[in-house]
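Per Swiss-Prot, the feature signal peptide maps to 1-23. Among the features that Swiss-Prot reports, domain 'Peptidase M12A' is placed at 85-282, with the record citing sequence analysis. Here Swiss-Prot flags HIS182, HIS186, HIS192 as Zn(2+) binding site, drawing on sequence analysis. According to Swiss-Prot, the feature active site maps to GLU183. Per Swiss-Prot, the feature region 'Disordered' maps to 318-356. Residues or ranges marked as compositional bias 'Low complexity' in Swiss-Prot: 318-329. Residues or ranges marked as compositional bias 'Polar residues' by Swiss-Prot: 340-355.
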Amino acid sequence: MGIMGSLWPWILTMLSLLGLSMGAPSASRCSGVCSTSVPEGFTPEGSPVFQDKDIPAINQGLISEETPESSFLVEGDIIRPSPFRLLSVTNNKWPKGVGGFVEIPFLLSRKYDELSRRVIMDAFAEFERFTCIRFVAYHGQRDFVSILPMAGCFSGVGRSGGMQVVSLAPTCLRKGRGIVLHELMHVLGFWHEHSRADRDRYIQVNWNEILPGFEINFIKSRSTNMLVPYDYSSVMHYGRFAFSWRGQPTIIPLWTSSVHIGQRWNLSTSDITRVCRLYNCSRSVPDSHGRGFEAQSDGSSLTPASISRLQRLLEALSEESGSSAPSGSRTGGQSIAGLGNSQQGWEHPPQSTFSVGALARPPQMLADASKSGPGAGADSLSLEQFQLAQAPTVPLALFPEARDKPAPIQDAFERLAPLPGGCAPGSHIREVPRD
């Protein structure tokens, strides 16, 4: 077991490099019928179909394992860390750069289709709008995140150094951005809400209903989650039936039996607050164009100063795909979830309420959050340009001859039309230092 545990990081690294070098062409290079297909798990309109399966059930169905002891994962979706890192709380943080932003370089596999890439970018946009976290194009940085459609939904906790893998299989994206947000919170250094040290005041773990051998996934731990009060509505909370043996609840809320746990829709207020506290995001962190967010200290939702660049680009993509999609395709009608609909954090559960119906309602269109129409100010933005601009797909380190050329995402952003208000698309990506 010890040998296998030490080999898993190397195995994941090799699989990641293989996926990057053998990735399929992007959707923009497909002809005709490619743009008319609808990925499994989505409606023709592009809205995600709600599934009963959460992260543990998805991984149990995709990853063959007998017990957690034989797995490279702990708590269902966390890559097993080395023993000394288990004792660490804050030394695996991502560093803060110039301007008060925390930049996390990322690389996206070519195997994702356009709709899946849009879901991932939507999750990036939520962090950009509410925190000082910025996911930027990989351009030779030493530490970066490689996002791949491997078997399951999993990631490591915090910055591990070098390339670290985040797996988001197609099944993980069927509900929309929720599972992506969950795994990215792990990347930022956060563990599961139901495993925090004070959880017994808020939930009861039904040990008799846990799948035999999987009890280890419910061990309490000291973690960065303790920066805020316990939150039933956290995107880091597992649902009632996690690792259930006979279909009975394994996690039972104590304060109210009807509260919804395990939501996979938005970052909750406490999720945003804990990110801002761990990374010391200032009250107002403007970017190079004077935009940013304001963190309110009274526990209420964070109020963005303006719509982020990524949100504007997502709007433009939605508008563009709606007008240029081939006949019969309805992917252009996808409803992109509005950001900022996070549920209220539970400062004290008895006095707080949580609307289950809020999760069942369709997400608010981004157009409703902006006075300008979708795609305004981006007349020359083509669907192909945007798909190239969404994410870098090939590490420059693998192709030395490309070192003097701009990264695909950078080159595409530079060819985009200016956004309203003189905001240059992808400006924070162009600021990433080159080797």
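Including glycine, each Cβ sits where the backbone N, Cα and C put it.
Location within the structure of each feature annotated in Swiss-Prot.
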residue: HIS182; record: Zn(2+) binding site; Cβ within 10 Å: 28
residue: GLU183; record: active site; Cβ within 10 Å: 24
residue: HIS186; record: Zn(2+) binding site; Cβ within 10 Å: 21
residue: HIS192; record: Zn(2+) binding site; Cβ within 10 Å: 26
In whole Å, note down how far the CA of HIS192 (Zn(2+) binding site) lies from the CA of GLU183 (active site).
10
Whole-number mean of pLDDT values that fall within the domain 'Peptidase M12A' (85-282):
91
